[in-house]
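Annotated features in Swiss-Prot:
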| type | residues | note |
| --- | --- | --- |
| BINDING | 117, 118, 119, 120, 121, 122, 123, 124 | ATP binding site |
| COMPBIAS | 468-483 | compositional bias 'Low complexity' |
| DOMAIN | 290-460 | domain 'CYTH' |
| REGION | 36-56 | region 'Disordered' |
| REGION | 468-492 | region 'Disordered' |
């Protein structure tokens, strides 16, 4: 599919860089450049107990679905809104095709494209990708922040943006003038000179690039999101590096208390106005350097051998009790992030001492050993409340008793009882896949391992239950459960 797009996109640069050779299209009140494909969309499974993400219909496999028309109010030729949410690559190709169409219609037209979305959604990446292909001028809204007004390291308040300067810059560029614009480098204000390239394309990227004051200046508008959950992780990981804060929990606190409330209030409403809407499926967990490798098996299946092995260690196991709350993310429309996909869920672990730890992870099955890239750190009750205020909901609670029998050389062997499953498990964890596999072979569990997560097994058990109340999990069922089991949470 991507090759078909690329062969078509390869012509764009020549269209944009040699505009004198481009012929105008026929003047008509409404122009259809590509016949839209028939839509046969199915509503994906809204059931929270679903074990896998919904499968998207394969759209746009043959052609780009782009429509153009004359605006009856302005008299300008413009791109109609694409009525579907696109993948990152699809959105990139559609944006480039939209530029090509406008250029074909009026070779002298200066085209301004705006890209908006939450922090970490991929705005800069998309802008650079489009800019490199069409030789466009890229402007970041972040450079127009009034540094003297920044307080508490909050760069995300729209009142900090010098919109007057942004608007005057765009207008002057449209008049083919050379302009001096600000440039923030290491939190210090510098400046740079820019002018239009021969392609006559301006790309403005930033959280507020589709705000009401800027939209009238845009010829093409693009909204990009990755679901609050993925954006949250990406923001944490980037913030740890760039913010100068001491820990990831400080960054998370800032995001839950400042960044995403700002997004919900000031950015999200403008994204609905975009002509092209993109849902980025980039997985930030792939950036984690040291994943945890896990192998587990049911204890009762080989109880006698396990007991002999554990006894041979000649240790008194360390016993710990945990309560794991699983939060599923808020939803971005019908084509947004799947709440049913357990890979999108966040685990909040409460220890017997009242401490909370948050874990973002994906578990990938690979033979007898699962690979679990993860991000884990301690949080406060206030931060947990911040996540709930962003729209996260409690989907399940699993209580476990853990006996740590071995913890040496980076390998941990535990015997765990999951109350809700009413089963014991032997589990091996470590940062070396080879060492985890060696330990699993010694315990003779490589052929009897359980690859599924405890969360998956929990929902599988609920499905089999004859109790109609559990045939389909509803948020209220679990919310009432946590209130009952954690009455002392407010006292922490």
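Every residue, even glycine, has its Cβ placed from backbone N, Cα and C.
Positions of Swiss-Prot features highlighted on the structure.
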residue : record           : CB count, 10 Å
117     : ATP binding site : 29
118     : ATP binding site : 29
121     : ATP binding site : 30
122     : ATP binding site : 23
123     : ATP binding site : 27
124     : ATP binding site : 15
Confidence summary (mean pLDDT) of the domain 'CYTH' (290-460):
84
